[in-house]
Amino acid sequence: RNPPGSLLAAKAMRAAGLLLAWALLRPASTHQCHHAGPGGVLRFTDTHAEIRVPALHRVPSSLDPLYGLVRRCLDLIQQNPLPTELLRAALNNPASVRTSQVVQYELGYVVCAAVALLFAVAVPVAGMCFCYCRSRRRCGGRLRAHRRSLGCRRHCLLACLSLTSLVILISVVCAFVTSQRVKGQMEPGLGAVPATLRTLRQHISNVPQGVQMVVDQFEVPRQQIISDLGGLSRSVGLSIHAQLKAMTYAALADLQDRAGDLQTSLHHLQILDKTARALASARADLEPVLRERRRRVVALLDDPRCTSCASVLGRAQRLELGADYGKVPSVEKVLKALAGLPRSDFAEMIRQGNGTFNSIPELAVERMAQVIQDLRDEMARMTEKVQSIADSFPLSDYTRPVSEALVKAEDRSQPYLREVERFERYRWIVSMVLCSIVLLILACNVTGMALGAYGLSKREDPSDYECRGEAGAKFLLVGVGLAFLFSWLLILLVFATFLVGGNIQTLVCRNWVNQEIYKFIDTPGNLPPSMNLTRQLNLRRDSNLSATYRECKSGAGLWEVLQLDRSYDLDEHLKTPKYTADFQKRLGDFTARLGDVRLLRSEGRQDLETFARSGVDEVDYRRFQEEMKNPVVQTSLPGLARSLEGLQKMQRNGTVAGRLAAEAQALWQMQNSTVQSQEALVAKLGESVQFLSRLAPHLQERVKRTLATTASVEARLPAQAQQILRQEIGCFTRKELRYFAQYLNWVGQTLREDVASCQPLATALDNGRVILCDRIADPWNAFWFSLGCCTFFLIPNIIFAIRLTKHFRPIRNRLM
């Protein structure tokens, strides 16, 4: 038995308990399975961005009201629908087309042609007649008589000519603007035709390379998954440790407390036994000494020579021993039961258990090393599986007809495009010259009206000659002459551009917008065999151009619209389980025991069970406490000694006084030497009794709870560690499968919308309509409409100018 050594062990256990409490109180991270987050979004390279057909759209313009007005006029002129019968005959057997059919369809244009022809003939003839009359001095001369209504007529003619000139000016400005817009759109529009065809051909021919580039992007999720695999095992270990440490540290702390109870109880039992024995022995030694001292003090106080001693005699007679510790229960049986305890080193046991538990992350890394390597190897095999997407993609052998058709279209379009460009250049030159002539006519009108009005204001007598008025009349006649001279050229340009632009709008654009052209092409027999687009483009036999256009516009892939030897379902090839089944199986089949932590060995359990059965809780500690309430000596020795000292001062007899002083000194010596040492032992005994009395009622319950908790934690740790392992692997699997799903979804989207999409075909058709109808035909038709307004308003301009010239010249006969 070594009580000092036991105290040191108890202190060491308490220090370990403080460390465990600190670890227990540290904030633990809760288990979370992040199903989505910013870090889980993969970024893929746009590998096909340089081969695209940009979609063109109608750009809003300030001339849109004019374009709308022209379209409504053309709808009135040409009210017939698409001439399917006429077009079928023209395409299949041009010789069978009758002129009457064409005239019947183009009746509105025929009427306009008749009006234009009448204008082109009538206006120059009228001009020649006017020149003949002028030569005979019968037209454009002077007024014969002055009347009061001439001023009103003159102002009316000025207003009408000004209004007509304003309308012509607005029309010619619109003609200038629209002509420039046609020129500005014609060159890029014509250039867009071969460029779009080349882009479509490149798009189709680069499908295999594009598919391979998309497949190569599997490197992005593969690298991410391999990176995640590198931290999987430690992450699993840390998660197990974080989620189980509260339970484990609590069990270790409870075990630490019971080990401390064992050490401290043993220490206090030893003190209790030793102190009780020492107090009993000291009482036995003190009893004869105290009896003799009482006899002598009583005899002295009973001496007749002792003055006033009777008052103290009663206290001296009660001088006897108090507490008898020979009557308290013995703890020898308990000490015998605890002899040799503790047989195990609880501090080392707890340290080892704590170390084993804290080594779970490293153990997870070790146990999962093989499955991590297997998963890395599986990723290499998965790369080969993904490569099958490119290897099995069916388009390389079926897009050749489309490419050949695009090459033919590009080659055949070049001569026509060059001719169109050449004629547009001529149209622009002629239109600029004629519009300039119209501006010159307007300049003559403005100059003539200004000079004529100024001359009238300066002329005092209407019959007087005035040079500025005469000059104004000549300017008006010059404008009239220019109008007669070039009106037929203007009407021919208007009709030529009207005939081309009007038919493009009514025959092509209007039927393109309402899909009638596609319906005509789709109807069997409308096109000759040489123009069978379904066969030339290798489209599905059960499809047609309209259906293909709608499918392409909605984002279908080329393989979905082409005629293949076998059907190809991209969605079937992009199902995630097809590539991840083995990966999932390896993770799902993995198991590892990561929670085998021995908190309490068998010898430690036996020590605690022996401690619980030792009878510590059966000792009657109340007997000790009741005995400790009694003093060592019933009468206070210091009080009696002080009373004797007081009596000594009152004595006249020196002998009695000396004996009283000697007895008081003897009592003080007994108090200081014997009684005080026993009182110190009683105080020491009280500490042990207090501790053991507090522990005893809860000993059995605490020990049983500790043993049950420790056994439960040891049993639950492997199961819960396995459960957490499955949860973490499940979270990891779902996270990595999201990477696969992201990649495969991106592959499907990229193949459908970019690499192998037929949407560029629909976009090219839409772009053709935008370029031809919105960007060229609209300003083209607005040009002839504006120029036609100029041309037809030249007729009232001529009339008003001729009538006005007479008012600027002197009157022949003035009538009052």
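Count begins at 1; order follows the chain as displayed.
Keep in mind that glycine also has a Cβ here, set from the backbone N, Cα and C atoms.
Using a Cβ-Cβ cut-off under 8 Å and counting only residues 6 or more beyond its ends in the same chain, the coiled coil (365-392) has close neighbours at 208, 211-212, 214-215, 218, 222, 225-226, 229-230, 232-234, 236-237, 568, 573-574, 578-580, 582-583, 586-587, 590, 592, 594, 747. Under the heading coiled coil, TrEMBL lists 365-392.
Sequence annotations record features per position, and here TrEMBL assigns signal peptide to 1-30.
Proximity of distant same-chain residues to the transmembrane segment (107-135), defined by a Cβ-Cβ separation under 8 Å and at least 6 residues beyond the stretch ends, is recorded for 76-80, 480-481, 483-485, 487-488, 491-492, 494-495, 498-499, 502-503, 791-792, 794-795, 802. Under the heading transmembrane segment, TrEMBL lists 107-135 (among others).
Distant neighbours of the transmembrane segment (156-178): 63, 66, 431-432, 435, 438-439, 441-442, 445-446, 449, 453, 779-780, 782-783, 786-787, 789-790, 793-794, 796-797, 800-801, 803-804, 807; these residues of the same chain sit at least 6 beyond its ends, with a Cβ under 8 Å from one of its Cβ atoms. Residues or ranges marked as transmembrane segment by TrEMBL: 156-178 (among others).
Summarising the annotation, TrEMBL assigns transmembrane segment to 428-454 (among others).
Annotation source TrEMBL lists transmembrane segment at 475-500 (among others).
Taken from TrEMBL, the feature transmembrane segment covers 782-804 (among others). Residues 63, 66-67, 69-70, 73, 119, 123, 130, 139-140, 154, 157-158, 160-161, 164-165, 167-168, 171-172, 174-175, 178-179, 182, 431, 434-435, 438, 441, 445, 448-449, 452, 473, 476-477, 479-480, 483-484, 487, 490-491, 493-494, 497-498, 501 of the same chain, all 6+ positions outside the transmembrane segment (782-804), place their C-beta atoms under 8 angstroms from a C-beta of that stretch.
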